[in-house]
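Chemist: Before we start, here is the structure in question, set down as structure tokens.
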Amino acid sequence: MTKFIFVTGGVVSSLGKGITAASLAAVLEARGVNVTMTKMDPYINVDPGTMSPFQHGEVFVTEDGAETDLDLGYYERFLRHSKMSKSNNFTSGRIYQNVLNKERRGEYLGGTVQVIPHITDEIKSKILASGEGYDVAIIEIGGTVGDIESLPFMEAVRQMQVELGRHRAMLMHLTLVPYIASAGETKTKPTQHSVKELRSIGLQPDILICRSDHHISPDNRRKIALFTNVEERAVIMCEDAQSIYQIPRTLHEQDLDDLICERFGLDLPEADLSDWDKVVEAQLNPESTVTVAMVGKYVELPDAYKSINEALLHAGITHKVDVKIDYIDAERLEDDDSLLAQLHNADAILVPGGFGERGTMGKIKAITYARENKVPYLGICLGMQLAVIEYARNVLHIDANSSEFDRKTAEPIIGLITEWLDERGELQIRSDDSDLGGTMRLGAQQAELVAGSKLAQIYGATNITERHRHRYEMNNRYIEPLEQAGMTISGYSAKQHLVESVELADHPWFVAVQFHPEFTSSPRGGHPLFNSFVKAAKNYSEAK
């Protein structure tokens, strides 16, 4: 039967619950445990699909087309054998929506619908369903202990601990042990109060993960254990690390996996973390450095491009290259030519996905620079659409645009997808008036690459599967004039013949794709497209 480890956070947000939980999952997986992970988000949005990247960061897309929290990206990157799906992320909004739909159908037989038991029962059913078929399920609860929004989730966890018993449920709590510079010491009181807050709602942590930017002394560890009623060996020190991929080793060296296996009655071999050691060794000991200019409109918050950042890091690990990302505000680039110096200093240029017209002229400016100066260029999603628009305007000399930016454009080289088949093979129909949430081409889709194209050479195959998140596509009636002018259409969707990729034959490395390759990159091997891109950047740097 599935065992559950619930993960909560206290004192402050952004402690790294997702990374810590994923690191623990990686260690358990290295011991042969079949493990999965789920993120519970207390906000009322049904999913993060329409949330501002400035507030929420990246939206991570799963194979089955779910728009989810960026922590699911960490889960997939740390785990070898588990892929996330719609069942691995749910919000308060989704829970309430499900309960209200049941009430409308009369499933509660006219009863008064309440937070307890109806909302908590729905949460419990989702948790249990997400763990089916696995040895261990790690359940991360978003937010911070004490937040009013998370109380129904905390109550559901409390009930599950009682119902499942000690041998099937554990609670792991992350907390901050701050260092007070003026006093020259770390302070345990915030951790004590965080656990006190948990205990006030009926939850006692079995494991404490103590986050700090300074060393925590053995005396403070004993003090934390004494005043939080947690075994001393279950008080785990987790200081800031040079690489997040060091965390599995950090947890393992403090015997956290042994403690969990003992509690759950799991007799398993020792964890083999040699793969993680190799990743860390390559990351911390690069042999060269390249700079990638990322031109976007959410660059003030790097988490908005978390999977791309990680994919570039993974490619750097693969080639033993330190990939430095120089973020350029696309909107500022439109009018500030001084920012062109950053493009000049870059070894490669990347334009990521995005929505809306704001900043597009700055991105087009960067694409023109990359094309004319033979700088390696990678366009993703909107980055491909703008590469097509740039080429049409500056090479074909037509006033091309996207109907997303100008519905009345005379040359709609990019247009709204009105019909397509989703990941289940079901017909989806959209219009300009459709809801924004959940109305895109989402999830894993098959594509066919043109034999002999650069992209086919990069993948080593002509049939690939990549994840998508977009509602606009290239207009196929422009394929012939573009190809006659020198742009190669190198990939098409397998069923609808939608354009998936373009490239330039007279450019050392100019590739743009409609899909999102960053979602499937791994620290153990990277992703073929990003690996090739970083290699091209390295070659460009060496040839300067």
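Quick reminder: no glycine exception, Cβ is built from N, Cα and C everywhere.
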Chemist: Given that Swiss-Prot assigns Ser13, Asp147, Ile148, Glu149, Lys187, Thr188, Lys189, Pro190, Thr191, Gln192 to the CTP site, pick the one from Lys39, Lys124, Lys223 that the record assigns to that site as well.
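Modeler: As annotated by Swiss-Prot, Ser13, Asp147, Ile148, Glu149, Lys187, Thr188, Lys189, Pro190, Thr191, Gln192 share the CTP site with Lys223, chosen from Lys39, Lys124, Lys223.
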Chemist: According to Swiss-Prot, Ser14, Leu15, Gly16, Lys17, Gly18, Ile19 bind ATP; which one of Asp47, Asp64, Asp69, Asp71 is annotated to that same site?
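Modeler: Answer per Swiss-Prot: Asp71.
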Chemist: Taking Swiss-Prot at its word that Gly354, Leu382, Gly383, Met384, Gln385, Arg471 bind L-glutamine, choose the one of Glu331, Glu334, Glu404 listed for that site.
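Modeler: According to Swiss-Prot, the candidate sharing the L-glutamine site with Gly354, Leu382, Gly383, Met384, Gln385, Arg471 is Glu404.
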Chemist: Determine the C-alpha span of the CTP site listed in the record, that is the greatest distance between any two of Ser13, Asp147, Ile148, Glu149, Lys187, Thr188, Lys189, Pro190, Thr191, Gln192, Lys223, in Å to the nearest whole number.
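Modeler: Largest Cα to Cα distance for the CTP-binding set is 31 Å.
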Chemist: Can you give me the residues near the recorded ATP site, meaning same chain, not Ser14, Leu15, Gly16, Lys17, Gly18, Ile19, Asp71 themselves, Cβ no more than 8 Å from the center of the site's Cβ atoms?
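Modeler: Other same-chain residues with Cβ inside the cutoff are Gly9, Thr20, Ala21, Tyr74, Leu174.
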Chemist: Reported as an integer number of Å, what is the Cα distance between Gln192 (UTP binding site) and Leu15 (ATP binding site)?
Modeler: 16
Chemist: Quick check: with Gly354, Leu382, Gly383, Met384, Gln385, Glu404, Arg471 left out, which same-chain residues have Cβ atoms within 8 Å of the centroid of the L-glutamine site Cβ atoms?
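Modeler: Here the nearby residues are Gly353, Phe355, Cys381, Leu386, Ser402, Ile414, His470, Tyr472.
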Chemist: What are the sequence-distant neighbours of Ser13 (UTP binding site), meaning same chain, six or more residues apart, C-beta distance under 8 angstroms?
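Modeler: Residues satisfying the criterion: Gly143, Thr144.
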Chemist: So what sits near Lys223 (UTP binding site) in its own chain, CB-to-CB under 8 Å and at least six residues off in sequence?
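Modeler: Once residues fewer than 6 apart are set aside, Lys223 (UTP binding site) is near Thr188.
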Chemist: Checking the binding-site residues Asp71, Lys189, Leu382, Gly383, Met384, Glu404, which are within 10 Å of Ile148 (CTP binding site) at the Cα level?
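Modeler: Among Asp71, Lys189, Leu382, Gly383, Met384, Glu404, not one has a Cα sitting within 10 Å of that of Ile148 (CTP binding site).
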Chemist: Among Leu15, Ile19, Cys381, Leu382, the recorded positions in question, whose Cβ has the most other Cβ atoms within 10 Å in this structure?
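Modeler: Output for this query is Leu382.
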